[in-house]
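So the structure is just underneath, and the comments pick up after that.
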């Protein structure tokens, strides 16, 4: 009805506005733009602002100048006279979930796939980030433990990795349960199992319960005192997803959660934090260092979702400091390395630790902050995934070499190894 009465004046108005903006537009392109379904609703809105003119019968338009003037007076530069959306854009907007065809999950039975995706079995980076603080504390505590042997240290590290794998999966499931109404609005998370309806919330809760029981079994494999140090972390695991709804700094809560292993290595090797002041200071400094590291890498990770987070109303440190992110990252890196050095000094670590662990952290963190492109989702993901192994692996290697140096007597001087024989007293 509207096009019958006004298609020609509307085209004329569109051409006039295009000419004012310096654009050259063919009349056929204008006709195609008017008829495009994607643009029709926008033109309808404009037409409603000219109801008195547009909805007159066709016969009343003996002179079309008034209609043209009405459209000319209402800027329509916001109505793009462009080609229709590309096929790629249409396919992206209507993309559907497809199960993985390669990798570990592709080899699993089809009914297991949603549960494997729920615990991020195909994305082990989160497990590594959870394990590294445990490895740091185990290797830092090993030289001051009176009972730890190299085999005991290795077995403890293996238990920690198993616990990290189980508890990271439980944490992901808890996070997805809390975020099941937010994830569909974020491009990266819209196909998560609960968000797409592959797993009901009830089944996810039962599955999470089994994971928590498995985690408890791992915890009970450690010395008894570890149980009392480990239980408080469950509260942080359950409440972290809520932080993004109330504060721009949910990464700080994530740091408190993921860094808990920086405390656990000491009691796991029989070092009592309550009776050993040096160990307590080392654990506190290491825990704080790992918190700074967690906030740092998750700030880079948060930049991957920064546009979708605005639309979904999700808060993050990346949004709060979007304009000075690298300055914040640099401050966090300085804090991390300083606190790491303080942890080593508290237990009497030697030069191997400071050169290996602290030196590698300075090198890898500095390179990452300098080279990461925060506007690129792919680049942020690359540094999040590989920065984990570069920084975490470097610190672990330095601590391992320090432990080897101490148990092999590398720091002991020749005089200490072979004290001079006491001279015989004169008769």
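Each Cβ is built from the backbone N, Cα and C atoms, and glycine gets one as well.
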Per TrEMBL record, range annotated transmembrane segment [choices 352-370, 409-427]: 352-370
State the residue range annotated as transmembrane segment by TrEMBL; the candidates are 71-89, 90-108, 109-127, 128-146. 128-146
Segment assigned the feature transmembrane segment in TrEMBL (from 204-221, 222-239): 204-221
Recorded stretch, among 128-146, 252-270, 282-306, 352-370, 382-405, maximising Cβ pairs under 8 Å relative to the transmembrane segment (327-346): 282-306
Are the transmembrane segment (282-306) and the transmembrane segment (382-405) close enough to be called in contact, which here means at least 3 C-beta pairs under 8 A that are separated by 6 or more residues? yes
